[in-house]
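Here's the structure, in structure tokens; my notes come after.
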């Protein structure tokens, strides 16, 4: 089993990252480099979280071996036995051989740092660029990141000059590397505590509120009102941008040098706008530089960037509106079915997507009623209590993990108790649950936050390339300090425990933080205590109240604006529900008409086809007969024969139109 657990987790984490990226990104429409870079960033961060418990169990076994080797011992198979006390050091089932983990962590860590500080910021600017060529996009990305990279180089250069001038410092390359790692971890820890303080309170509270049907329905109405406003704004913005594109398309003709740029912009527009602009184009006109003023390539690049953003935003709001409607209809169905006497769940509208037959077989209407109306609220309440307990333990441990005598951190107590009995399964499960809960609190906040319209992770393949890359940057910057914080909570970090023991392979690549004592003994210990203040502020919704005062409408039960938006959203949902009902009634009537009169219509249609065939065969037979007996010597003209076969409309009598020629009159008779 040596190394097998590591290989299995590497494969599992890859598919987990791929699944999440498929949920938020769009593999068909987004650039492949964006997908690959985001997948790599998410994969490396998730990999650190899943592999770190294996590193902890392996480190505990190595410490036991060092303790055994330092005293008289006997070797026996897969464990080592101390001679005096007969203590056994069992090898864990997930043991990773020496030398693998340091190389593994070094590759994972430095790759993630290269992504978050160099590659992903550059790709963000490249993805948002409106250039029409690869060279133009790269040039724009370099110009936008010049200030970003220049700031870091300036700070690092000033630090090097200070070290070179000050005689008290005699730093080597390893110490400079440690300082760089400490600076990156300090920035990440600053953001980590902010996100963690929000997630520790909001995640249990959201699950507790999930058991309240009325609360969820009111919040859905509130979201509907806000989303309708955003949807109308996106449609209006798209109309304005398309009007500018139309003017540019009409001014720049087919033989203009910038026409290729205009065609590139038109390809990014929705299909209906492309067809509308295509009908109004007069490309047969030549352009004249002396008479008309044409936009520059720089202005076209700016317009191209606006088109990409407006189309993405319009598509996202349309999809989110449909998803929100389905959610609102379902919550209304749950409210109606709670008082059902038959105890069978009845849907107002049938699902538009075909359901799996296996799910339909087991998840019957009766099972659905018991789950939605009885079991699910209680399940969410129990889950909320469990998550709240974890949150309390985390807050307590964050405030007391620096105490080693006595050990006050509960996570450190759990690990040390398991270490005495060398129960590696318990150690790995405790470590995994701890770091997994911390990751959920931090990562879920990253998925929830929204910075206006610049950063927003939207599910159902509606996240743009800029937001995907930005999320990858955040994950790569938050995960290393998150893991160091976890090792500090469990006292597996020698900097916290103050023990001269073998460190984990993960902390060994970070170097000794004693190089910067004010960070190791000050910031890393006392700053996490700020999570208590952040949790209290989140519990009383201070951030939500501040945003509401600034004009950003937030869901608050005691606000008049919230009540108005709930009423507006309820009316919008009711209107969409009536529209959906009329559509389904029309489809049902057409289906019933087709089922009732479909056979009769088919028989009538077959008789009509048979009659047409007989008439056509009769006309062909008459056409093949000799016509000399009924034809005058001079014959009729082709025009007269055609008129005889046509169904002419009755003409008004006009004496002037009467022909006096007897031959023509006989011919007419």
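Going from the start of the chain as shown, residues are counted 1 onward.
Glycine is no exception: its Cβ is also placed from the backbone N, Cα and C atoms.
TrEMBL annotations: computationally assigned, not manually curated.
TrEMBL tags one of the stretches 103-126, 223-246, 247-270 as transmembrane segment, and that stretch is 103-126. Transmembrane segment is the annotation TrEMBL gives to one range among 146-165, 286-305, and that range is 146-165.
Residues 425-446 are the range that TrEMBL records as transmembrane segment, among 425-446, 491-512, 557-578, 579-600. Of all ranges given (6-21, 54-69), TrEMBL attaches the label transmembrane segment to 6-21. Sequence-distant contacts of the transmembrane segment (425-446) (same chain, six or more residues past either end, CB-CB distance under 8 Å): 49-50, 52-54, 56-57, 60, 92-94, 192, 195-196, 198-200, 202-203, 387, 390-391, 394, 411, 414-415, 418-419, 457, 471, 474-475, 478, 482-483, 485-486, 489-490. As a quick check, the transmembrane segment (33-52) and the transmembrane segment (523-542) miss the bar of 3 or more Cβ pairs under 8 A, pairs 6 or more apart, so the two do not touch.
Between the transmembrane segment (523-542) and the transmembrane segment (177-201) there are at least 3 Cβ pairs closer than 8 Å, counting only pairs 6 or more residues apart in sequence, which means the two stretches are in contact. Same-chain residues lying 6+ beyond the ends of the transmembrane segment (103-126) with a Cβ under 8 Å from its Cβ atoms: 6, 33-34, 37, 40-41, 44-45, 47-48, 51, 55, 137-138, 140-142, 144-145, 148, 152, 184, 466, 469-470, 472-473, 476-477, 479-480, 505-506, 508-509.
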